[in-house]
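Enquirer: Below: one structure in structure tokens.
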Amino acid sequence: MEENPSLESEAWGSSRGWLAPREARGGPSLSSVLNELPSAATLRYRGPGALPWGVPEEEEGEAGGRSRKAFTEVTETEPQDPHPSRELPWPMQARRAHSKEKTKEGLRSLQPWSWTLKRIGGQFGAGTESYFSLLRFLLLLNVLASVLMACMILLPTWLGGAPPGPPGSNTSSPCGSYNPHSQGLVTFATQLFNLLSGEGYLEWSPLFYGFYPPRPRLAVTYLCWAFAVGLICLLLILHRSVSGLKQTLLAESGDLTSYSHRVFSAWDFGLCGDVHVRLRQRIILYELQVELEETVVRRQAAVRTLGQEARVWLVRVLLNLLVIALLGGAFYGIYWATESTVELQETSLVQELPLLKLVVNYLPSIFIAGVNFVLPPVFKLIAPLEGYTRSRQIVFILLRTVFLRLASLVVLLFSLWKQITCGGDSEAKDCKTCGYNYKELPCWETVLGQEMYKLLLFDLLTALAVALLIQFPRKLLCGLCPGALGRLAGTQEFQVPDEVLGLIYAQTVVWVGSFFCPLLPLLNTVKFLLLFYLKKLTLFSTCSPAARTFRASMANFFFPLVLLLGLAISSVPLLYSIFLIPPSKLCGPFREQSSIWAQIPESISSLPETTQSFLFFLGTQAFAVPLLLISSILMAYTVARANSYGRLISELKRQRETEAQNKVFLARRAVALISSKPAL
């Protein structure tokens, strides 16, 4: 009757007694058995002096010291194998994985602002960190574009000799004359106006398309640079999107959204220092906060009645109609501002006042910045009324804001296209001679580049004005006015959706205008550098951690996806200009061609006959059809392989559930047998 506890103790050991040496016990001790387990090999990751798995953590003080001393005596008195498993050489696969991980860590440490991003993520959440990570990624894209521009455009231009000046007013051409240089003495106000608008001395400079001479090789490298930049940006964004998609799918699956994963598997045991530990604790805290918030919203949605569900959907429909009305009004205002700019510039009052002329010149940019400043906060107020989770609210705010920003840019481009091509009517009076409106826009590529230049410059000035005139004074007001009023006026949160969409909008402007303003990526690099430090200063000086955060996995996938949408939208006007609109006859490297793309077949015709045959073969059906078939076969194989892997994963999950049920059943049987022994 009383032998069972002792037998059970001998069989299983106790949490305290196995640490003490027992001479009478035969066979290997429990500690030696635990040392031979495969899990004990992880000691080499934890370093020397770590206890093996199975040793409970003792309380600090004398009890902990006695426990470690007893364990040391046990391990010294027991016979040791000459080569314990944890000291054996690593398998080759483990070595490769370890070296690969070390290489990744080394590359991550070389990235700029890595410590700043960790600090931001720990103090303000993963959503705010994703903004600065995206800013760093866009900075990399602009640096690559600037380097390619210097190697493929600027260097060949200066190596081919000094570029010629503008054609001048005496040039006889059926497409009129073009002389961007100002005549006579230029005042300081005019110089400032030229700097802000891209006219005057900047109009015929390496900043814009019209400056570059009509040299065949330069024209080819100019066009190849545009395609190379687009291809590199596409590949890098796709790579970032795929890596973010993996994290999103992993985080949204049922395996990793549980709280047990956050609590038991999210800690990094390689952290050193109290600062890193506190930052990691805050990150885990924000992740748990997001999980709890979304769980509450899902539970509320699950218990809604049919009438409550109908009322929620009615509210959503009405709010979306309101959003459509606001967007329609904003687009009409941008279209009116662009159409009225040319007419207002011709009035005598505008010509006499340089400041008014500058305002009229910036009228489309002002309208675009105004709607982008007013409507996103309205979208933010509307989103919580729709009854979605926090992550879903962020998605809707981002979708509406990105549609506003990118569609406003599309409206501006449509207005410019209407001015350049006379509304698409090639038989119109002003466009019949040269294929474009040469009277109002003698160098339409430079005019388009100037519009993108003004949008970029105005966006930077707006960011500086908001920080210096709104955010910092609000923080000062919080310090000068104690009490509830001061806290209400000075409490600010970093608005991640608005800021991220601002970055994507600015980068889309650069992609649209880089062909017509080659130095625009370089200017955007400087702008993003200033913006990073300005936003960092604003964040740590004036902003408090967000009361409600959202998933980092959503940011890692959704933001590059919106950036990919911006790249796709920017490629449409660029490709249309290259293939369909005739180039200006008085400026630019393609001034002697019927279209910008016509330079490529003309350059190919000067190559050897074998090379010509190969290049023309790439554009025939004999190459396209087999390529399509091979791509279809590879796609079908990839889909079939993914499906087989999915079925295998489902089968393994079912086996895991079955094994868990078996263990529960066996544990219950063991308990039943032990409890029935005394009765026997």
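Including glycine, each Cβ sits where the backbone N, Cα and C put it.
TrEMBL: automatically predicted annotations, no manual curation.
What TrEMBL records for 443-553 is domain 'TMC'. Marked as region 'Disordered' by TrEMBL: 1-31, 47-105. The transmembrane segment annotation in TrEMBL covers 137-159, 219-238, 313-338, 358-382, 394-417, 557-581, 614-640.
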Enquirer: Compute the average pLDDT of the predicted model within the domain 'TMC' (443-553).
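Expert: When the pLDDT values over the domain 'TMC' (443-553) are averaged, the result is 82.
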Enquirer: How do the residues of the domain 'TMC' (443-553) split into helix, strand and coil according to DSSP?
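Expert: Summed over the domain 'TMC' (443-553), the classes give 87 helix, 2 strand, 22 coil.
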Enquirer: Would the transmembrane segment (313-338) and the transmembrane segment (557-581) count as touching if the test is at least 3 Cβ pairs under 8 Å, pairs 6 or more apart?
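Expert: When sequence-distant Cβ pairs are counted, the transmembrane segment (557-581) does not touch the transmembrane segment (313-338), since fewer than 3 lie under 8 Å.
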Enquirer: Residues of the same chain, at least six outside the transmembrane segment (137-159), with any C-beta under 8 angstroms of its C-beta?
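Expert: Long-range Cβ neighbours of the transmembrane segment (137-159): 206, 212-213, 215, 217-218, 221-222, 224-225, 228-229, 232-233, 236, 240, 503, 507, 510, 514, 518-519, 521-522, 524-525, 528-529, 532, 563.
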